[in-house]
Amino acid sequence: MSEIKKPLLPEMLQMWQKTLSWQPDAGHLLEFQRLYELILEGNQQLNLTRITQPRDFWEKHLWDGLRGVSPLWINADDWRVIDIGTGAGFPGLPVAIARPDWQITLLDSTGKKTAFVQSVIDKLGMENAVTLTGRAEEINRHPQHRATYDLALTRALAPAPTCAEYALPLLKIGGLAVLYRGHWTDADTDNLSDTVTKLGGIVDFIERFSTPLTKGERHCIYLRKVAGERVTEFPRLVSTPDRHPL
Ligand code: SAH
């Protein structure tokens, strides 16, 4: 196997402070660096991510992942969180590193991906993260998952209405789903609103921002579950939410 270069991630303490009013401590920085190295290593076997340069990784995996949850940072002790379609562990792993009090389930339908994420959890000795292999549509039918989460994250998973159908049934009443999106328009919000209503939720708020280094356009859509009734038929059977969004 070829020798793997292990470039150092930038610390960006002031940038974290300025943009998220939060700074990683020495322990967080070590874990971010170790995560980065494990991703680079894993990328040799698996197609995990194309984002491999240190500043890119910092911006698009670490910063982007935490930016989505930063509005929820306070009054959120000991939350139960699920990252749906986590892939190589994003945004779930950076969030789990930054919030050791949150219990995070990293869900993906591909066993190779969850096996990799589990190896990262083991190597970092993380006690607040577990992996789960399966499809969101099926996981939703299990009583130990359905309507049990405070927060559901979806990034680069599916069209927004599909993400809503996967995420909202997993939430407790009052829980939030975060849809990490790039470009987003009012028409997208209109299109999503009907779906969210059917699922017993509301579009609570939307944040628009640019990534701090390359100024990429981002939106995070925050859905809140407000009702528990009428939603038992959702999500529909495997692949239906993806092929025929509500
Ligand atoms: N969230 C990551 C990965 C995005 S790729 C990131 O932002 O980098 C989308 C991932 O979702 C893939 O790993 C795929 O296996 C998984 N996925 C797609 N549909 C799914 C479903 N219905 N349930 C669970 N995982 C799903």
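Glycine too: its Cβ is placed from the backbone N, Cα and C atoms.
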Candidate sharing the S-adenosyl-L-methionine site with Gly85, Phe90, Asp108, Ser109, Thr110, Ala136, Glu137 (per TrEMBL), from Arg67, Arg99, Arg155:
Arg155
So for Gly85 (S-adenosyl-L-methionine binding site), how many other CB atoms are inside 10 Å of its CB?
22
Among Asp108, Glu137, the one of these binding-site residues whose Cβ has the fewest neighbouring Cβ atoms within 10 Å:
Glu137
